[in-house]
Amino acid sequence: MTARRPTRFAKGELNVYRAPRDVTDVTRALRSTGRRVVLVPTMGALHEGHLTLIRAAKRVQGAVVVVSIFVNPLQFGAGEDLDAYPRTLDDDLAALRAEGVEIAFTPTVGDMYPDGTRTSVHPGPLGDDLEGASRPGHFAGVLTVVCKLLHIVRPDRAFFGEKDYQQLVLIRQMVTDLNIDTKIVGVPTVREADGLALSSRNRYLDEVEREQAGALSAALLAGMYAASNGAAATLDAARAVLDEVPAIEVDYLQVRDPMLGPVPHEGAARLLVAARLGQTRLLDNIAVDIGASDGIDGHPRVGSPDHQLPWRN
């Protein structure tokens, strides 16, 4: 039997691999030389938010950055048009070259699921809450593909944006519960000048909808400033802003603790919103300090002169 030839890797260049086995072989070899492998999973259609994740990953000393580009069919449900999801591979690879990324993993559905989806990761009760209530099976699909990516790449760290906050919490839960030896790093949401969270889906908004979409981040900001008066005041302030834009159909607006459990009486929490504008579903969230008049852990209270708004870059 002929021995398999080593997979080629050119240091300092963008190496594009489709086969999971090739990525596994290359990252194993790189680790043996002392390189730290870090992963940025994406579904392509890269924008500044993705590039921010990549830049955060590149700051890891000695890191070789792996960016996966895979539109995962398992996380699309009924009524969600998988075929319409933007696919811009050539542009994405050009962006990765410009950022100095060394590995792009671009598998097909057949590469990732050669025998179909016989095995999947169940997210537990949180997977049926918030986003999961509107998108049954979504998080099982997300966790399954992330679990596979972590086993294929075996990264020291993997980087995810805080915009998809429930996803971030569930991935951290999975890594802990399944003893996966990867540190999950959350990166703050990247925003447009008016506060709108960057998303590949923003391209579906028309000009009027794009202007209206700024109400989501404005609502979160209003809630953040009201948080010192409690969770109910937080929700009331955010809801008042959203109510001013009738075109926004709110799916949920909730305050939870940082792990998305019940809202705390006082302390660190998360304000989350999901809404539909036209045919586009938008998500956003922000950290809030419930009932905190003097800040938490030495951080200034939101609204104080020393507090920096999250999108004042």
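Backbone N, Cα and C define each Cβ position, glycine as well.
Database features, via Swiss-Prot:
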type     : residues                        : note
BINDING  : 43-50, 161-164, VAL190, 198-201 : ATP binding site
ACT_SITE : HIS50                           : active site, proton donor
BINDING  : GLN75, GLN167                   : (R)-pantoate binding site
BINDING  : GLN75                           : beta-alanine binding site
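Comparing Cα positions, SER200 (ATP binding site) lies closest to HIS50 out of the recorded positions HIS50, GLN75, GLN167. When the binding-site residues MET43, LEU46, VAL190 are scored by other C-beta atoms within 10 Å, LEU46 scores highest. If you compare Cα positions, VAL190 (ATP binding site) sits closest to HIS50 out of the recorded positions HIS50, GLN75, GLN167. In the three-state DSSP classification, GLY49 (ATP binding site) falls within a helix.
Geometry remark: MET43 (ATP binding site) versus GLN75 ((R)-pantoate binding site), CA distance 11 Å. Sequence-distant neighbours of GLN167 ((R)-pantoate binding site): residues of the same chain at least 6 apart with a C-beta under 8 Å from its C-beta are GLU131, PHE139, VAL142, PHE160. When the Cα atoms are compared, GLU162 (ATP binding site) and the residue listed as 'active site, proton donor' turn out to be 12 Å apart.
Calculated from their C-alpha atoms, the gap between LEU46 (ATP binding site) and GLN75 ((R)-pantoate binding site) amounts to 18 Å. DSSP assigns SER200 (ATP binding site) to a helix in the three-state reduction. Distance between Cα atoms for GLY49 (ATP binding site) and GLN75 ((R)-pantoate binding site): 20 Å, as a whole number. Rounded to a whole value, the Cα-Cα separation of GLN75 ((R)-pantoate binding site) and HIS50 (active site, proton donor) is 19 Å. The binding-site residues under consideration are GLN75, SER200. Their Cβ neighbour counts within 10 Å are lowest for SER200. The number of other Cβ atoms within 10 Å of the Cβ belonging to GLY49 (ATP binding site), over all protein chains shown, comes to 20.
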